[in-house]
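Below you'll find the structure I mean.
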Amino acid sequence: MSVVTFLSHTSDVAAGVVPVASCGQRGACSFKRSKSEEVKTAEFRFPVETCIYTCTVFVGKENQKRRGRPVTRLQGYLRCSHTGGQLLHAEEPRQRDMMEACEREELIVDADHLAAAPNGIENELLDVGEEDHMQGQMEEFLGPQAEYNEEEEERKYYRRKRLGVIKNVLAASVGAMIVYSVYMGLLQMQLILHYDMTYREVKYSNLGLVDIDRKMLMGINVTPIIGLLYTPILIRFLGTKWMMFLASGIYALFVSTNYWERYYTLVPSAVAIGVAIVPFWASLGNYITRMAQQYYEYVNYREDHVQEQKKLPKGACHSYIIVFQSVFHIIYHLSFVFAEFPMLFVLNGHLRESDHILYNVKGCGANISGVIPGFNSTVLLNLPRSMLLIQVESVLMGFAFLAMLIFLLLCGAAYRPTEEIDLRSIGWGNIFQLPFKHFRDYRLRLLCPFFIYSGFETLFAVTGFSLSYGVCVLGLKKLWLLIVVYGLSCSIFSSLSLCLLRLPRWLCLAAGAAVHIVLLVALLALPLYPDQPKYLGPLLVISVLWGLGTALIKTGVNTLLGMLYAEDKERLDFIYTIFHWWQAIAIFIVYLWSNLPMRAKLSILLATLLLACYCYWLMERRLADKKAYRLPRIPRPRHKVKGYRYLEEDNSDESDSERSEEDDGDDRDKNEDGEHVVEERRAEDREEEGQDAGVQGADSPGTRRRGPEGHHRRLEDANVKEEEREEREEW
C-alpha cells in the first residue's frame with residue numbers, strides 16, 4: 001500500500017471542500033486530522049499495482065438522501081500522469097512550493113469542467129468503502145475545531161446570564177423608584193392645590209374638589225383590602241414581568257387624568273391605583289427573590305440539582321437574596337427624594353409664610369387630635385399658572401412612560417416559559433384558594449404583626465410625623481426638607497442589611513424595632529408648639545432616625561420572607577401577596593384613624609411594634625426547636641396533550657409533609673396500574689355522588705392514593721392504548 005497525502009487549509013474545510021483521490025480500481029481510504037491549527041491532512045491508500053498515476057484532484061460536494069436522512073457525498077475529478085509505477089504526493093496550488101520540492105509537475109485544479117489527462121484518459125472519482133464508514137470518517141475530519149474550548153464558551157455564556165440578572169434587578173429597582181416618585185409627587189402637589197380655597201373657587205368654582213379628593217383617597221386606601229382575592233390570579237395569568245408593566249401603566253393613567261380634573265377622571269383612576277397596589281408590590285418582591293435564585297443557578301450551573309432543575313438546597317441562595325433586596329431598597333427609597341422635586345421647584349415659591357398658615361393653630365405633636373386643627377384654608381400666596389402645571393404634569397407623564405419602557409424592555413422574565421405555563425396550569429380555583437391556605441404556616445401567622453407595622457410606620461412618617469410635627473412646627477415650606485431627609489436616610493441605611501451576610505437574620509429587625517420604640521416614646525413625651533423654627537434640628541434628627549428604623553424593618557422583612565421561602569419558587573407570589581395585603585390593611589386603618597388623637601395613634605404604633613417583636617421572637621424560637629410548619633401542597637400542573645387531560649385532581653389541602661410520606665410509596669405503586677385504574681373510575685363515580693375526594697384517612701400512603709377517598713394518580717404515559725386499558729380493567 002502506498003500513501004497519497006493531500007493538504008487542505010482550514011478555510012477550505014469550513015467551506016466543505018475536502019480533497020479526495022482515487023485511481024483506477026476502488027481502494028481503501030482513510031482520513032487523518034493533523035494536530036496543526038493551519039493544515040488538515042487526508043491520507044488515501046491504494047494498491048500499488050493498480051495505481052500508476054499522479055493524481056490532481058478537484059473536489060465538489062453533493063447532498064443526497066439515504067434512508068430518509070441527508071448524506072453528504074464528496075465527488076471529484078482526476079487528472080493523472082504516468083509516474084513509472086509509483087505514487088507521488090499531489091498537492092493543492094497553495095502548497096506549490098512544497099510540491100516542487102518533491103515533483104516537477106504542477107497542480108492544476110479546474111472547478112468548471114473535467115480536466116483531461118495527458119494520455120487522453122479521463123478518470124472519475126468513485127466512492128471508496130462503505131457509505132456509513134465514509135460518513136463517520138468525514139464527520140470526524142470535519143469535527144469541532146481544535147481551538148474551540150467548550151468550557152470557556154460555557155463560562156462566558158453564564159457570565160452573560162449573570163450580568164443579565166444584575167441588569168434585571170437594577171431595572172426593576174429604578175422602574176419602581178420612578179413610578180412612586182411620579183405618583184407621590186403628583187399626589188402631594190394635587191392635594192396642596194386642592195386644599196387651598198382660593199384655588200378651588202378660581203379654577204373650579206362649585207365643582208366640589210374637596211369631595212372629589214375625599215373619594216379619591218378612599219379609592220386609593222380602601223380598594224387594596226380586597227387585593228388578596230385577585231392578586232395571585234393576575235400574577236399567574238399575566239406573569240410577574242407583565243404584571244409590573246401593567247401596574248406601572250395604571251400609575252401612568254392616574255397621571256394622565258390630572259390634565260382634566262373631574263370626578264369621572266380622578267375617582268376611577270384612583271380606584272385603579274388601589275386595585276394595582278398589591279399586585280405591583282407582590283410582583284416586585286417575587287421578582288427580586290426570583291432574580292436571586294436565578295443568579296445562584298447561573299453561578300452554580302455545573303451542579304446536578306441545577307442542571308436537573310430540582311429544588312434548591314436549603315440556604316443556598318440566601319446571600320444573593322440579601323444583596324438584591326438591599327440594592328432594591330437603596331434605589332427605591334430615593335423615590336421619597338425625587339417626589340419632592342415638584343414641591344421644591346414649582347410649588348414652594350407660591351406658598352405663604354408659616355405665620356399666616358399657622359395663625360389659628362394652638363398645639364402640635366402629641367397634644368392634638370386629627371392632622372393639624374386650625375390650619376389655614378388659604379396656603380397659596382399666588383396661584384401657579386395653568387401652563388406651568390401642565391408642563392409639570394407632562395414631565396411626570398414622560399417619566400411614567402419611561403418607567404413602563406424600563407419594565408417592558410430591560411426587565412427579563414422571572415420564570416422560564418415552561419415554568420410560567422406550569423404555574424398557571426394548577427387550576428384557577430387552586431390559585432384562588434392557596435393564599436388563604438398559606439395562613440396555616442405558623443411562620444406567616446407570627447410575622448403578620450410586622451407586616452402590619454411596616455404599613456403603619458411608612459404612612460405615619462409621610463403623613464402623621466411630617467404634618468402633625470413637621471408642618472405644624474416649621475410651616476409648609478419645610479415639608480420637602482423633612483421628607484427628603486427621611487428618604488435619603490432610608491436609602492443610605494438600607495445598605496446596613498448587608499450585615500446579614502455575616503450576622504444573624506434577627507439582628508436587622510431587632511435593631512429597627514429598637515430605634516422606632518425609642519422614637520415613639522420620645523414623640524409621646526416631646527412638647528411642641530406651632531411656628532417654632534428652633535425645632536428644625538431635632539425634627540431632622542428624628543426624621544433621620546425614623547428613616548434608619550424604616551430601612552432596617554422594610555429590608556429585613558422582605559429579606560426574611562425571601563430566606564424562609566427561597567427554595568419554594570412556586571409559592572413566592574402567594575407569600576408576597578399576603579405580605580403586601582397586610583400592608584394594605586394597615587394603610588386602610590391609617591386612613592380610618594386620621595381624626596384620632598395623636599397619642600392614640602402613637603400608642604397603637606407602639607403596641608403593634610411590641611406585639612410584632614414578641615411574635616417574631618416566638619417564630620424564631622419555634623424554628624430553633626425544629627417545630628414542623630405546615631405548608632399547603634402545590635398541585636401538579638394539569639396540561640392537555642393532544643386532547644388528553646391528566647385525570648389526577650391534586651388536593652392543595654394536603655401539606656408537603658404529608659406529600660413526602662406519599663412519595664415514599666411511589667415506587668411500590670408503579671406495578672399496580674391495573675388496580676389503580678379500576679379504583680380511579682370508582683372514585684370518580686363516588687365524587688359525582690357528592691363524596692369528598694380530599695378526605696385523608698387511609699392507613700398507608702398507597703391505600704390513600706388508591707382508595708375511594710384518596711387522590712387520582714397522574715397517568716405517566718399519555719399515549720396508552722385503549723385496548724391495554726380495557727385489559728387492565730378486566731384483570
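Backbone N, Cα and C define each Cβ position, glycine as well.
Checked TrEMBL, it gives:
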| type | residues | note |
| --- | --- | --- |
| COMPBIAS | 649-666 | compositional bias 'Acidic residues' |
| COMPBIAS | 667-685 | compositional bias 'Basic and acidic residues' |
| COMPBIAS | 706-723 | compositional bias 'Basic and acidic residues' |
| REGION | 645-731 | region 'Disordered' |
| TRANSMEM | 165-186 | transmembrane segment |
| TRANSMEM | 216-235 | transmembrane segment |
| TRANSMEM | 242-260 | transmembrane segment |
| TRANSMEM | 266-288 | transmembrane segment |
| TRANSMEM | 320-339 | transmembrane segment |
| TRANSMEM | 395-415 | transmembrane segment |
| TRANSMEM | 446-467 | transmembrane segment |
| TRANSMEM | 479-501 | transmembrane segment |
| TRANSMEM | 508-529 | transmembrane segment |
| TRANSMEM | 535-553 | transmembrane segment |
| TRANSMEM | 574-594 | transmembrane segment |
| TRANSMEM | 600-619 | transmembrane segment |
Do any residues, 6 or more residues outside the transmembrane segment (479-501), come within under 8 Å Cβ-to-Cβ of it, and if so which ones?
319, 322-323, 325-326, 329-331, 333-337, 339-340, 343-344, 348, 461-462, 465-467, 470-471, 507-508, 539-540, 543-548, 550-552, 554-556, 559
Within this structure, do the transmembrane segment (266-288) and the transmembrane segment (574-594) have 3 or more Cβ pairs under 8 angstroms, counting pairs 6 or more apart in sequence?
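Contact confirmed: at least 3 Cβ pairs fall under 8 Å.
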Applying the under-8 angstroms CB criterion, which one of 165-186, 320-339, 395-415, 535-553 scores highest with the transmembrane segment (508-529)?
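So the stretch in question is 535-553.
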Going along the chain, which residues at least six beyond the ends of the transmembrane segment (165-186) come within the CB cut-off of under 8 Å?
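Same-chain contacts beyond the ends: 244, 247-248, 251, 254-255, 258, 273, 280, 284, 287-288, 291, 294-295, 298, 324, 327-328, 330-332, 334-336, 338-343, 393, 396, 399-400, 402-403, 406-407, 410-412, 462.
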When you scan the chain for residues with a C-beta under 8 Å from the transmembrane segment (216-235), skipping those not six or more beyond its ends, what do you find?
243, 266-267, 270-271, 273-275, 277-279, 282-283, 286, 428, 431-432, 434-436, 573-574, 577-578, 580-581, 584-585, 587-588, 590-591
Can you tell me which parts of the same chain pack against the transmembrane segment (320-339), counting only residues 6+ beyond its ends and a CB-CB cutoff under 8 A?
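Non-local partners: 169-170, 172-174, 176-185, 188, 284, 288-289, 291-293, 295-296, 462, 483-484, 486-488, 490-492, 494-495, 497-498, 500-501, 547, 551, 554-555, 558-559, 562-563, 566.
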Same chain only, please: residues at least 6 beyond the ends of the transmembrane segment (242-260) with a C-beta under 8 Å from a C-beta of the stretch. Say none if there are none.
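Sequence-remote neighbours of the transmembrane segment (242-260) are 172, 175, 179, 182-183, 186, 190, 234-235, 266, 268-270, 272-273, 275-276, 279-280, 283-284, 287, 390, 393, 396-397, 400-401, 403-404, 407-408, 411.
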